[in-house]
Amino acid sequence: MEGIIIIAVLVLIWFVIAPFVALARASDARSEARQARTDLQDALARIGQLENEMSHLGGRAPKPEERAVIPQGRTVKSDIPRVEENLPRFEPPLAGRGPDIEPERVTVRVSLPDVGTGAEHHPLPPPLPTAAKRRKLIDYGDDGPPEKAVPEKAPVPVEPAVAKEPAEPFSLEKFMGVKLFAWLGGVAMFFGVIFFVKYAFENNLISPSTRIILGFLTGTGLLAGGLFTHRLPRYRVLAQAFCATGVLILYGVSFAAHAIYHFPLFGTIQTFSLMACITCAAFFISVRLNALVVAVLGMLGGFMTPVLLSTGQDQVLGLFGYIALLDAGLLAVSRHNRWHFLVPCAAAGTALTQIGWFVKFFSYGGYAHDNLILIPMGIQLGFIALFLVGGWIKRPRPDLHAACSVFGLSAVAVLFSFVMLGHESVAERLVLLYGFLLLVHLGVIATVLARPALGIAQFITALLGFLHLACWTQYHLTDENLHWLLGACLVFGALHAVVPVLVARYQPARLAMLPQRSGPWFAPLVLVMMLIPIFHLPAVPPLFWGAVLMADLLVIVLAIASGALLPVLVSLLLTMGVAGAWLFKAPADITSLMPFLGVITGFSALFTIAGKWLYRGKEEGATPDVVITAAVLPFVLLLLALGKLPVPVPTPVFLVALLMTGLLTFLGISGKQGKLMLVALTGTFAVEGIWYLNHFKNPAPGIPLAWFLGFYSLFLLVPFILRKRCADLPETWIAAALSGVAHFLLVHSLVKQSFPNDFMGLVPAAFAVPSLIGMYAIWKWFPGMDARQQSRLAWFGGVALLFITLVFPIQFERQWITVSWAIEGALLLWLFRRVPHPGLQFTGLALLLTSFVRLALNPVVFTDYARGGTPILNWHLYAYGLVAAAHFLGATWLADPHEPLRRFKPRGTLLALGGILLFLLLNIEIADYFTAPGDRCVAFNFGGNFARDMTYSIAWGLFSLGLLGLGFRSGSEHARFAAVGLLVVTLLKVFLHDLAAIQNIFRIGALVGVAVIAFIASFLYQKFFEKSKG
């Protein structure tokens, strides 16, 4: 039975191949006959040419002195046989036209008479041969053509150009009939053989050895038939299909002999050698025949063979060794014939094979345990290296298709690493897992370094790597493997941060691309990763902060190399965020304070100095955001620590604040950035205030008092000690002046609580002394009155006046704060006359207006404040009287206001507000006098008390009379109008209210009093009105 089948197969192969062999031989015979006919025609043409030359040599030879002169447009005759009768007219020679071949060595002399002789018969040049070989030229000898004559040049013989066949238009019918059917036939033949073999397997028709022999015979026969058929140009597509099918069959049979039947002759080494030979044969055939279809079908068959002939057994080394040989062959073929698309196709087939093997055999074969995991890891890394080296070898950089193939295989490897997170035995081996992932990233990075335009691949790979680290940290982090995690984060962060910076440095044209600009941001991403252990573990060792420090140093180095400063600021925020998170996770006891203070102090100093270094050479006066942030964040963290931890003794916290203050002072003065002094003052005062409110205890007031006074002295004395350096830094002087105000609040409260006494007014008086001394020193040391000097004097003078005015409200009671504001406002307006700083005038007017609102428009003054013990001489008298006097003095001292204030007429406004306060004081004193002795507050009532109503009427009339006199004296029309209005209101009150509500004696008194006042007012108008107009 087996012999019959073998004979049938051989006969089938013969009937398939024999017609094409016959056609090939017939085609050879036809080509030989056509060549013989062409050679015969060429020989006959050459014989005719030689005959013409012999006839010319047998003619009359001209004398040497005779020259040919051929007039333009003249017709000449020749007795040489086979000469055309009519010659074409000579045209001027074309530019650039000339003989491009050497003339014949035979010299022809043409003897023609002169033009005027009228000769009719002239010898002509020999005729042009018809064969397109070489043309003869006319040679006039060594003398050249005669003068004033245009010689006729023989036509320049030009080798006929090989006619290009016009491009054949695309024909769908021809494509389907010639190529598509041939390709489909090859594929069908391949499947037919495969399924025939499967049928034979299932029915046991052929023994295993016979099956393999038949397979090799069929594949070899198809290869031979294809090689013979390829000699026919018309059937080359079919020949390529035969070759491709033969290659497929040879691949499949070899794999079956090794993996299915396990023949001794087909061991691993022997089968690999045989497949290597088949691969070489396929490579040779596709290159030799320029047969793309052979390569494509060979590739498809090569990848489908393990699938179609799978036995269900795990042969991982044999399978992927076979795939590696197949990939190597495809890489070689694609490179030699420039069929570049074969490379990504091979990578896709390799990736699908890896995925299929993983799904079927990874868990079943126990590859997640022990060292078996090295097999799939090594296979994936090996294929990445194969495509990387195969696309790069003997080239300055990898081919684009090879680079994309490396990225695709790397994506499969990254996916594999994510799947490994679900296998505990692999995930626990952190070094092995991330060593594998690091090698995958190195492959991607090597490709990106060679082709920077593909940098987006490295960017995506880096993000996936950090995502993998985050997932691993969330589910597998312990105290024992924390140091390995920190090392992995630093390695991956440094690797992906440095590479884009190097690419941008050596290829500046790529700098604007996102992957190149993203490099410095991977280092801050490491700090984000380090937030996870803070929340995941109960405590972190000191090694953790060493890793944070290395990440910060990496950010700073990259900023120096790339000039990217924003990542440094973000890293600072993240570092302080990590410290804050650690603070909230730490136990709330005093033992956590010192490590925390050390961490924030060290990192703050690092980023402050780094920010100063990075901003060197920048515009002077520009405040670096990194420096400001590095200076502010430690104070914020100190505030958090004070809110969480118990700090009975402020020395450790205040020492850190002192270090930050000293550092900011140094950076601010040396770098001409005085704003840092204000930042330091704000942070220090906030830390002092929070500690005092939350942790101050009476038994130990000396230590905090010493710190408060020490900080005050530091800020106050720095600009005076370094006055030359601070002369152009107004912020330092402002900080020195405001330091007294800030620390006065703390010192006054501490003294009042710890050392109660009856002379608390001495505290603001003591603080006023340094401000006054400082003001005097500024006036002595800085002569002149420029804008900077005005600012210095204004701040110190204003603070000194503030302390002076605070003496009264602190030492006394009842509205002294309002009185002090009014006095302060008036004194600032006085100081403005000596130091014309705009801030003094605005502040003085604002204080006076505030004091007026507190007394005139605040109902609490009449409802909540108790009356004084003595009528008339009470707190209302000094409160309203002093505030009104401050308004009048302020109006007197007010200099020419600035343009924004002129339209409000501040002097007249102050006088009007003072007058309103005096009128209110008059009514308050009357109401207070007539209020019942037992009442706590002043009662304002109209009616029910005839004496009070009469007093109101007479007092209003007298006030209006005094206001009228003041209006005439000062020439103020507004004061006179106000007096007239008040007098009219008084008269209306007398006639409409007093006549009906007051008894006879009081009614008479009110009428007489108001009448006298009205007469006096009339008299004043008659006497002084004309003078006021004049």
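Placement of Cβ uses the backbone N, Cα and C atoms for every residue, glycine included.
When TrEMBL is compared with the stretches 145-164, 565-584, the one noted as transmembrane segment is 565-584. In this model, the coiled coil (23-53) carries an average pLDDT of 75. Most Cβ pairs within less than 8 Å of the transmembrane segment (565-584), among stretches 212-230, 518-537, 676-693, 908-930, belong to 518-537. The stretches the transmembrane segment (734-751) and the transmembrane segment (816-832) do not meet in space: the count of Cβ pairs below 8 angstroms, excluding pairs fewer than 6 apart in sequence, stays at fewer than three. Sequence-remote contacts of a segment are chain residues at least 6 beyond its ends whose Cβ falls under 8 Å from one of its Cβ atoms, and for the transmembrane segment (626-643) they are 565, 568-569, 572-573, 576, 579-580, 583, 593, 596-597, 600-601, 604, 607-608, 610-612, 614-615, 653, 656-657, 660, 663-664, 667, 673, 675-676, 679-680, 682-684, 686-687, 690-691, 694-695. Contact between the transmembrane segment (371-393) and the transmembrane segment (212-230) is not supported: fewer than 3 Cβ pairs lie under 8 Å, counting only residues 6 or more apart in sequence. Listed as Cβ neighbours of the transmembrane segment (518-537) (distance under 8 Å, sequence separation of 6 or more from its ends, same chain) are residues 459, 462, 466, 469-470, 473-474, 477, 479, 482, 485-486, 489-490, 492-494, 496-501, 504, 544, 547-548, 551-552, 554-555, 558-559, 562, 564, 567, 570-571, 574-575, 577-578, 581-582, 585.
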